[in-house]
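What TrEMBL says about this one:
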- Cys242, Ala243, Ala244, Pro245, Gly246, Gly247, Lys248, Asp266, Asp293: S-adenosyl-L-methionine binding site (BINDING)
- 141-310: domain 'SAM-dependent MTase RsmB/NOP-type' (DOMAIN)
Amino acid sequence: MSFFPKISFQREVEEYLTNVFRNNELITALGTQEVERRYQSLLSHLSNPPSFTTVRVNTHLASVKHVKKMLFEEIQKQFKGLCVPVLEHPKLQDILLIPVIGPRQDLKKHASEVIVGAHCGYAVLRGAHVYVPGIISTSRFMKAGDLVSVYSDIEGKCKRGAKEFEGVKIFLGNGISELSRSEIFNSSGPLNGMGVRMIEPVYLSPSFDNVLPSHLFLQNLPSVVVSHILNPQPGERILDMCAAPGGKTTHLATLMRDQGEVIAMDKIAKKVKKIKQNAELLQLNCIKAFCYDGTKALSVEKREDEQGKK
């Protein structure tokens, strides 16, 4: 049984998945029970974090073997007394895999609670601590240093600053509050620091906050595969039309050995700034980032010429 509630979809998504995974062709080939078993297995996997945390090695700066050794040492510092392996992906040579341990169902829940938004909750399940912008509510008398239980408001119904919440919430683990309730909600200016330091997450996954930042990039496998399929070569010019935060952009530049040109665009200025920061952090110089809407990148004159040839 899944640790989390069964995932639910909007009607059009449910219809699409049914057409793909529960269609008559599959039922004829595999039988109704097997098709349904596979579909329920898919829903269960979608309801839980991945079994592995995937990180991409910046091979522009160091070898996979060298970074693997450094990462293993860093993880052992976090998981004191627990030996967690660092594995090399069997097919993607620049990817390292760290097994995720969980769900841990024997954790004691504390009276003091912190409610976070869904996006913050996703990050916590992947090993992150809780940062102030993700906190929606806390218990009435929470103080800095308190042991707290962290929950995710998966339906988005908790009101900011609420002193209690009885809606649907998912337990994410326990932590230590870095700030009091009044510091979080009564601050005269925006707070961006850590709100809760997670010490007992339901899913034990390493935190990558400031861990080998120039040598590693936290990136999901599908995103990594895209760059390998494109197979960019040194000296080529590549356009990434929706590039933020720069995962595929920096990967392309790395595969090109920082030789050539990767033009990265995004229509939001803050996201473009993030692309530039990641490129600088990974010491990649062939990336040129622009604040521009990729759907409008083709000039009016060029569009008219193309339409005239049809």
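Quick reminder: no glycine exception, Cβ is built from N, Cα and C everywhere.
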Gly246 (S-adenosyl-L-methionine binding site) CB neighbourhood, other CB atoms within 10 A: 28
Cβ-Cβ neighbours of Ala244 (S-adenosyl-L-methionine binding site) (radius 10 Å): 20
For Cys242 (S-adenosyl-L-methionine binding site), the number of other Cβ atoms found within 10 Å of its own Cβ: 13
